[in-house]
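Features as listed in TrEMBL:
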type: DOMAIN; residues: 27-156; note: domain 'Tripartite ATP-independent periplasmic transporters DctQ component'
type: TRANSMEM; residues: 12-39; note: transmembrane segment
type: TRANSMEM; residues: 51-69; note: transmembrane segment
type: TRANSMEM; residues: 90-111; note: transmembrane segment
type: TRANSMEM; residues: 131-155; note: transmembrane segment
Amino acid sequence: MTKPKIGLLERISLGIETVAGVLLALITVLIVVSAIGRYLLAWPVPDAFDLSRFLIGAAIMWGFASVGFRGSHIKVDIFAEMLPAGARRWIDSFAWAVLLAFSLLLTWKMLGRVTSAFYSGEATFDLRMPAWIFLGFIWLGVAFANIAILARLILVASGRATLEHFETVDMAGDDATEDRA
């Protein structure tokens with residue numbers, strides 16, 4: 001059995017998903033260790049609250065970057081499904097263009113937040129770690145979202161891909177089945 005070929009955009013998307021997954025694992029470990037330390041040992045983890053909120057923000061933004069390429073989010077497309085493929089492509093392109101505009105604005109505002117934290121010397125409460133580093137990592141997730149959304153918009157608008165491409169449960173398994181046939 002041969003592995004299906006994975007394109008550059010797919011590899012980037014898998015990397016983004018890996019970052020989001022690692023962040024979720026770190027959040028889980030931090031919360032469990034913090035709860036055990038606080039309730040069983042009477043010793044709280046320093047900066048657990050600040051670190052957890054920064055990590056949650058980063059996980060959300062890196063997850064947003066994954067959704068930006070995959071398009072696997074909740075959507076209501078009853079109206080679009082009644083239209084021919086060409087009209088549906090225009091609607092999808094418009095929706096992704098609006099999402100890109102929103103994402104670009106979010107990136108701009110997050111960059112303002114990062115620079116504000118940098119110049120003000122904002123730091124975590126207990127360990128006084130610079131907040132701009134964590135905020136910068138959150139911003140990086142939004143920046144990757146812009147790239148992912150733009151890539152998906154180009155693919156959808158050019159007719160080289162649809163949003164349904166990522167709606168299957170096991171895309172790689174389907175490709176592998178086709179390779180064997």
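Glycine residues also receive a Cβ, built from the backbone N, Cα and C atoms like all the rest.
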Give the nonlocal contacts of the transmembrane segment (90-111) in its own chain as ranges (CB under 8 Å, at least six residues past its ends).
64, 68, 80, 83, 135, 138-139, 142-143, 145-146, 149-150, 152-153, 156-157, 162-163
List the helix, strand and coil residue totals of the domain 'Tripartite ATP-independent periplasmic transporters DctQ component' (27-156) as derived from DSSP.
102 helix, 2 strand, 26 coil
